[in-house]
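As written in Swiss-Prot, here are the features:
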- Ser157, Ala158, His159, Gln160, Arg179, Gln186, His187, Tyr188, Gln193, Leu194, Glu195, Glu287, Phe312: substrate binding site (BINDING)
- 358-450: domain 'FDX-ACB' (DOMAIN)
- Lys202: N6-acetyllysine (MOD_RES)
Amino acid sequence: MVCLALVRAAYEHIYLVRKVSHACRCHQHRAWSSKPAASQSAVQGAPGSVLEILGKSYPQDDHTNLTQKVLSKVGRNLHNQKFHPLWLIKERVKEHFYQQYMVRSRTPLFSVYDQLPPVVTTWQNFDSLLIPADHPSRKKGDNYYLNRAHMLRAHTSAHQWDLLHAGLNAFLVVGDVYRRDQIDCQHYPVFHQLEGVRLFSKHELFAGVKDGESLQLFEEGSRSAHKQETHTMEAVKLVEFDLKQVLTRLVTHLFGDGLEVRWVDCYFPFTHPSFEMEINFRGEWLEVLGCGVMEQQLVNSAGAQDRIGWAFGLGLERLAMVLYDIPDIRLFWSEDERFLKQFLLSDINQSVKFQPLSKYPAVFNDISFWLPSENYTENDFYDIVRTVGGDLVEKVDLIDKFEHPKTHRTSHCYRITYRHMERTLSQREVGNVHQAVQEAAVQLLGVEGRF
């Protein structure tokens, strides 16, 4: 017999609204990822209701798609919890920038902001970064919206414009970010980013360069693969050189000397040229960050028309999983002392390798259903699985897709892997959760079960 509490949670609490009349499915670049997310969708909120987040109220509308599961993570701020592995990575990066880059007064060049609240406006998250109104990254299926005007930030880049407008020329931003995504050991709806920005005046950039006084930052030219239309080639190449030098020093500090690095050209809406850095770690090339020369239009709009700059962004979980051999992103949210005590280090730069907790067995259950006639999107299903199954769910794989030759209806079959990080799950316990997932999918997504 299915657990009634789970069914109730699935039906009443998957979306913050108590009553959901139907699924409003829309179709789907994320900051510092050059790979666009899959096209996905969201479910309507209840107009007239209000969300309370971090002491502020936000009216809901047809764009509201927050889940209780995600809302419970707001304010946890793992990157600020002392001795948490994400805190260790943040502190190592901060220490490196503080020690390596100083002004004449011997104070740090870069200021650090790691307590900025995650609720931002859609203008901050998209428009300030020159992301077009019709860009797929704005879709409800990829983001968590409080309403049409507010959302949980999808990247720390959402704070770039405000900090530049405040007159800052060099800063790091660290924070939790939120995205609707697939379910596996490397993806979670909440993760943590570190953003870096540096602006240069003409004097700062060309200081020490032969005949630097005759060089200019800007020109009226044309855009090419190597530069923006407003930048001189000399300025761009110096900014690019500084950016790559700064980031190579950073990853060498984190991973050790002798690290092999390569740069891959890519695209971001707010930088050009843009690059991804890959490192050769244990014989495998790993993407660790995205970066580029900031779009001058963004810099100008923030009031720094006489400067040129670079920006980069990296994921803390990505680095921590590699540096500390942490195999599953869910572990970062664990409160198990066996996990946390492994990172109680006297020196933040001390090498540590995560010792796995006992590997409890996985339980596999499949779920098959016919899709509704139109507008089915996978991220709605993933949100249901995450909310009902919570961190019992290790991953979800689409293992079969079938189109009926006569009716042309499409069927999906997903394999859900259940595994608790701290104990063995019983078949009965998993069965209850799985049935609740099935019922919620039927009620909220309009699918027809093949259970």
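Cβ coordinates are placed from backbone N, Cα and C, and glycine is handled just like the others.
Everything Swiss-Prot records as a feature, shown here on the structure.
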residue: His159; record: substrate binding site; contacts (Cβ under 8 Å, 6+ apart): Tyr113, Leu116, Val120, Gln124, Arg153, Val173, Gly175, Glu195
residue: His187; record: substrate binding site; contacts (Cβ under 8 Å, 6+ apart): Asp181, Ile329
residue: Lys202; record: N6-acetyllysine; contacts (Cβ under 8 Å, 6+ apart): Leu215, Gln216, Leu217, Asp306
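In this structure, the binding-site residues under consideration are Ser157, Gln193, and the one with the smallest number of other Cβ atoms within 10 Å of its Cβ is Gln193. The average pLDDT the prediction assigns to the domain 'FDX-ACB' (358-450) is 92. Site extent for substrate: among the recorded binding residues Ser157, Ala158, His159, Gln160, Arg179, Gln186, His187, Tyr188, Gln193, Leu194, Glu195, Glu287, Phe312, the largest C-alpha separation is 26 Å. In the domain 'FDX-ACB' (358-450), the DSSP tally of helix, strand and coil residues is 34 helix, 30 strand, 29 coil.
Secondary structure at Glu195 (substrate binding site), as computed by DSSP, is strand. DSSP assigns Phe312 (substrate binding site) to a strand segment in the three-state reduction.
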